Amino acid sequence: MIKVEKFSDEISKAEVLVEALPYIKKFAGSIAVIKFGGNAMKDPQIKSMVAEDIVLMKYVGLNPVIVHGGGPDINKMLASLNIETKFVNGLRVTDEKVMEIVEMVLVGKINKEITSLINKTGGKAVGLSGKDANLLLAEKDLSQGDLGYVGKVVNVNREVILNLIEKDYIPVIAPCAIGRDWKTYNVNADIAAGKIASSLNADKFVLLTDVEGVLKNKEDEESVISRLSYREAKDLLNSQFITGGMIPKLKCCIQALEDGVKRAHIIDGRIPHALLLEIYTDKGVGTMIAKEVYDNDNL
């Protein structure tokens with residue numbers, strides 16, 4: 001008689017792989033746009049795990065497209081140069097000097113760090129700015145008044161991304177955009193990622209954040225709502241139940257669904273291997289939003 005207990009660790013690992021099988025089959029050849037931000041970018045260990053998740057996704061047939069932020073690094077660089085920065089309703093006032101620093105940090109530092117880390121982990125990542133081949137076309141965002149070189153994405157040159165995917169590369173995109181006036185614009189990374197996802201008709205749009213997901217009870221971090229329909233998400237937003245930084249993230253997910261993305265996810269990037277757990281397990285670890293959701297449906 002074989003003593004199963006002797007192989008309990010190995011069996012549990014095999015069970016995880018078997019659980020992932022229908023998801024691997026479902027998403028083979030699909031596109032997932034992942035906004036890489038929050039604590040996942042600050043903690044070196046978590047950052048490495050995210051890179052591992054991204055590379056594994058690629059190897060099992062899902063095509064990840066990475067869009068990253070970099071607010072804390074930009075703040076740090078501006079402070080070191082004694083350049084004052086102001087915000088209006090979450091948008092950075094961006095004059096020409098600030099824009100120069102934003103581009104330097106996003107494109108020259110963070111983008112290259114993420115690209116190098118993915119390559120070191122075994123992937124084939126290519127770092128891009130939204131200015132490359134007019135990847136992200138922006139116009140001035142005047143929603144909060146004239147804040148300088150703050151833009152909103154009005155067009156995505158999807159062919160650039162699709163050509164890279166076809167050749168098995170992983171695009172890593174910094175959210176600096178080009179305007180019709182040939183000026184550089186600072187664009188919100190979450191919104192840019194959503195625009196990229198919709199332009200690619202992505203199956204998945206994932207926001208890596210510093211919160212567990214959408215909560216039933218704001219005082220209870222364990223009360224994550226694992227699945228929301230599009231209608232439920234809109235109702236929550238309109239009910240003013242959602243507050244703070246979750247409002248723009250939920251709006252971003254809703255807009256992505258309206259623009260053709262099949263599934264949007266808000267997950268806690270502080271959880272080790274959160275991407276794999278959300279996409280390739282039945283339960284997931286965050287909140288999935290879809291036009292329609294069904295019981296036990298994480299596909």
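From the backbone N, Cα and C atoms, a Cβ is placed for every residue, glycine too.
In the record from Swiss-Prot, residues Gly70, Gly71, Asn186 bind substrate; the candidate from Arg92, Arg180 listed for the same site is Arg92.
Taking the mean position of the Cβ atoms of Gly70, Gly71, Arg92, Asn186 as the substrate site, the remaining residues of that chain whose Cβ falls within 8 Å of it are Gly69, Ile74, Val102, Leu106, Ala189. The Cβ of Gly70 (substrate binding site) lies under 8 Å from the Cβ of Gly37, Met41, Val105, Leu106, Lys109, Ile110, Ala174, Ala189, each of which sits 6+ residues away along the same chain.
The candidate set comprises the recorded positions Lys35, Arg92, Lys249. Of these, Lys35 has the most other Cβ atoms within 10 Å.
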